[in-house]
């Protein structure tokens, strides 16, 4: 039993080190050597957990997804556009934690562009995220919150536009935190939502 | 004189190989070895041109900027919002050439996040790009094209929102060309512009 406990504790240490390396260097800087250095251990020990670079990247993806799923969320004041607003704020780099998370996912874009399997993972992640935004847009249409003729509104296009806007602000804010403090990011989301509104 | 011509021709070959590696593998996959393999030459020859990884990355940045500056542009049908529309379409991955260009710049985000000097380059690139969008937004305000009270409109916020929207659509389109064909990208830009309009 103690051996089992040691084993689990060691796995947690390894996972934590993988996350720290990801947050500092992104997927591009994720190597067995970097994780080993962070743990003060040998790369030999780590090959026990990760027999290949691919295995390391897969584990890193799981950890990044856990961090993303486990983050604090905004609560929405209502259905439709207020829900969409909260969902967009959920991805903004408003705190050091969400900045680290975004930094990791931006680096994953590059990794995914050089690897067909990872590109498919990223395509699916986007589909899932757009799928999470979609019910808010559907509710906004149903509740008559959107500007324009409801028959002319394509919910998929509103979702893609909102997802695009959010990620594009994320990238600008990550590179230029002085020009994009949390307060301005929130104001930009509010302005975007206001322009969708009738 | 012929020696000089040979020298220039070789430089062009090297630059072309750097661009091909960038387009295929991004900044993350840019190494002397990859460029040498692409040219069928030795890495030794390339160290003559690039004494360090930093020198290679700097040259790659110049080439990427030349390709970006030299790309075909949309002509605008008028001042203000039509000009903004054309400027946003200019960055969309509507052709194989602009897809390659965007793939390169997305990979640069990761490179820049791990390197303070490159992060400053990216911050300046964004400032320059927002600076190019700004006159269109100023004209739109002056011409009374924007929705809302002109005194409440912050041109910097409109510019950041437009830049964010465009890059966010770029990323989605790069990963999911089947869901984001050229025609849909153009429709999304048109929808975004329409929602800015009074």
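Yeah, the Cβs are placed from backbone N, Cα and C, and that goes for glycine too.
Note that this is a predicted model, so its numbers are computed, not measured.
In TrEMBL, the feature DNA-binding region is placed on B:31-50, out of the ranges B:31-50, B:51-70. Sequence-distant contacts of the DNA-binding region (B:31-50) (same chain, six or more residues past either end, CB-CB distance under 8 Å): 11, 13-14, 17-18, 20-21, 25, 56, 59.
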